Amino acid sequence: MTSRKKVLLKVIILGDSGVGKTSLMNQYVNKKFSNQYKATIGADFLTKEVMVDDRLVTMQIWDTAGQERFQSLGVAFYRGADCCVLVFDVTAPNTFKTLDSWRDEFLIQASPRDPENFPFVVLGNKIDLENRQVTTKRAQAWCQSKNNIPYFETSAKEAINVEQAFQTIARNALKQETEVELYNEFPEPIKLDRNERAKPSAETCSC
């Protein structure tokens, strides 16, 4: 039986400060929730081994700062990502409105080979709170308008839909990683012009 090489999937979590990016990551990886998280400075990551369709993969989940002054740190962190998770707070409409700019910024900084089909997943977090402002319908409509991005409503505090969301994230990231590997292994062939190939060698003679 041939041993398959280990797969490392790089996942980036983006969204405004305070939407729960760190809480979601810690709930998924460590099954813990805390109200005491400080704002992330720069970026931090956690890893978790998961089974995706009978394949063991290591997810490297990057939690980036949501403050605007840290957005310029993006390039190094975004490059090589296999999936991007966009998070907003369902009780804070402004965090939903900025999803467009987070998505655009990621595509500019990460420069994926196929931006149209790059896998995103959107999480509407804090559904355990009562003062909801962004409806499910509104969030789903936005996701559909962006090439049908998968959408999950989550609560990092109550561990609602966190596991399911990250299963989809892992599956989509693995698909992206596999496609990139195939592309690198079999790049597009260089097409020679028919006339170029048919040129007689006599043409190069200077006599």
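For all residues, glycine too, the Cβ spot is worked out from N, Cα and C.
Its own atom aside, the Cβ of A156 (GTP binding site) has 28 Cβ atoms within 10 angstroms in the protein chains shown. Per Swiss-Prot, the feature GTP binding site maps to 15-22, 34-40, 63-67, 125-128, 156-157.
As annotated by Swiss-Prot, S-geranylgeranyl cysteine applies to C205 (among others), with the evidence given as an author's statement.
For C207 (among others), the entry in Swiss-Prot reads S-geranylgeranyl cysteine.
Sequence annotations record features per position, and here Swiss-Prot assigns cysteine methyl ester to C207 based on a curator's inference.
Under the heading motif 'Effector region', Swiss-Prot lists 37-45.
Here the motif 'Effector region' (37-45) returns a mean pLDDT of 61 for the predicted model.
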